[in-house]
Amino acid sequence: MFKKHRNNPRSALIIALLAAAVGAHSAGASAAPDGTVRVIVGFKAGNLANGKAALAAAHGNVKQDLPEIGASAAEMPAKALDGLRHHPAIEFVEPDQKRIPFAASTPSTGAPYQLGQQVPYGIAMVQADQLPDTYASNRTLCIIDSGIDLAHEDLHGNHVTGDTNPGTGNWYTDENHHGTHVAGTIAAINNAGVGVVGVNPGRQLNLHIVKVFGADGWAYTSTLIAAANKCGAAGANVISMSLGGADASIAEERAFAGLAKRGVLAIAAAGNDGDNTQSYPAGYSSVMSIAALDQNKQVADFSQFTPKVELAAPGVNVLSTVPTGTGRDAALTVGATSDAPVAMDGSPAASAHAPLADFGLGTATDSAMSGKVCLIKRGSVSFATKVGNCQASGGVGAVVYNNVAGGLNGTLGTTVTTIPSVGVSDTEGASLLTQLGQQANLTVTATNHALYNGTSMATPHVSAVAALVWSYFPQCSASQIRNALDQSALDLGTPGRDPYYGYGLVQARAAYDRIRSQGCGN
């Protein structure tokens, strides 16, 4: 039977948050219903005490101190902004922007996950299979994300430490799933017959996890700044950020510039809007901006293209770890024919074995569906309503087919059902309509791995390669490693650096060879 993974279960939330992340810049910030705004206030050099006093006098409620850059994040009355800006001890007042994970919203398709260890295609594409991680214990890679499922079969046994920000939960849990996927690409362990492998699979690389995303999937810029400084304090050589937002921040730019001066290499996702808009922190000169490629080394249609794009890496159909049991596989056979379903987001892990019956649009209950697998056309009502009506009619499983060209990757939202439900393409639906009455075998199973799309998935490939190559040459500086990665990349697209691929596809072995033959500074 052919199986196929569903995409990131929080893709709809990510779309909504991406829209919400677009806010006012230094001119002001949108006020909450109570008339307050969340801002970052920068204090002039030598005026920290006076600046903090001015913030307090403006009824600022400090939420995050940022001592490394002489600033504080606070909630304060919007009407007090102008007065604070003009205080002689204040350098700047800017909105505390939102940052979100950069996993894409388009469905993931491709080879199924099966029992036994698999090597994701990206490992060979970035040449990680040509460079053992023997010396990686001398490097620390910090992941700023949604945490990690530390007990995962593919991650347990790594050298991992972490920090938690207030309100996000423990760093060693991952309610959002995003951070665990990122971590697997970086350091999934080479356990024979189990799961997948990462760029650094030998349990040598030191990981430090800073959790900024809870289940709601967003964080303030000030939280990201504090997280990055926690990475620095933990001795991180590389910071991996599969995240971003639409607006620049003075405070954020200064924070990463400061970390670069301290010898930290920061790497961030370019963004998933598929246009030439700039995302941040990837847009700062102190941060490497990473684009996403597919298996054929073509830039992904969602990958943002800007002059800041520096390198590219695999970001389409990337197989990696997700919190144990949260992934979903689906399989469907009708008669002697196998189809390629995608499990509905929210479907329980369950099986159904019964005749296939036409449920039309599934807009109302129908007792004729009792004991049947419902075949339902997309349209008129939500997927949750369709599946719910099938279940209420006595149906034992639901197959929803698309009413437009292409596959169907649906969600049940917050609706809880007990029957397995999947989506299939329009052409598969047309074929299934010719097989009504035949025995359908529908199964949705829980897995520990999933295929995701996004510049979020490309970024950890580059971060992991940076740490891997650097481990062989710890005498090199961060800027020298960055230059070596750029100059050794496989040039793609327009010759030379371009907005889609940057310098090209990151290459671990080529970067190693370059430094070995030419030295750190060339």
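Heads up, the Cβ atoms here are built off N, Cα and C, so glycines get one too.
All annotation found in TrEMBL is predicted automatically rather than curated by experts.
Quick look at what TrEMBL annotates:
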ACT_SITE  Asp145  active site, charge relay system
ACT_SITE  His178  active site, charge relay system
ACT_SITE  Ser456  active site, charge relay system
DOMAIN    39-95  domain 'Fervidolysin-like N-terminal prodomain'
DOMAIN    139-354  domain 'Peptidase S8/S53'
DOMAIN    363-432  domain 'PA'
DOMAIN    444-504  domain 'Peptidase S8/S53'
SIGNAL    1-31  signal peptide
Separation of alpha carbons, His178 (active site, charge relay system) and Ser456 (active site, charge relay system) (Å): 9
Secondary structure content of the domain 'PA' (363-432), with strand meaning DSSP E or B: 20 helix, 17 strand, 33 coil
Taken over the domain 'Peptidase S8/S53' (139-354), the model's mean pLDDT: 96
His178 (active site, charge relay system) and Asp145 (active site, charge relay system), distance between Cα atoms, whole Å: 7
Local Cβ density at Ser456 (active site, charge relay system) - other Cβ atoms counted within 10 Å: 34
Secondary structure tally of the domain 'Fervidolysin-like N-terminal prodomain' (39-95) (DSSP, helix then strand then coil): 21 helix, 24 strand, 12 coil
Three-state secondary structure, which DSSP defines for His178 (active site, charge relay system): helix
Cβ-Cβ neighbours of His178 (active site, charge relay system) (radius 10 Å): 28
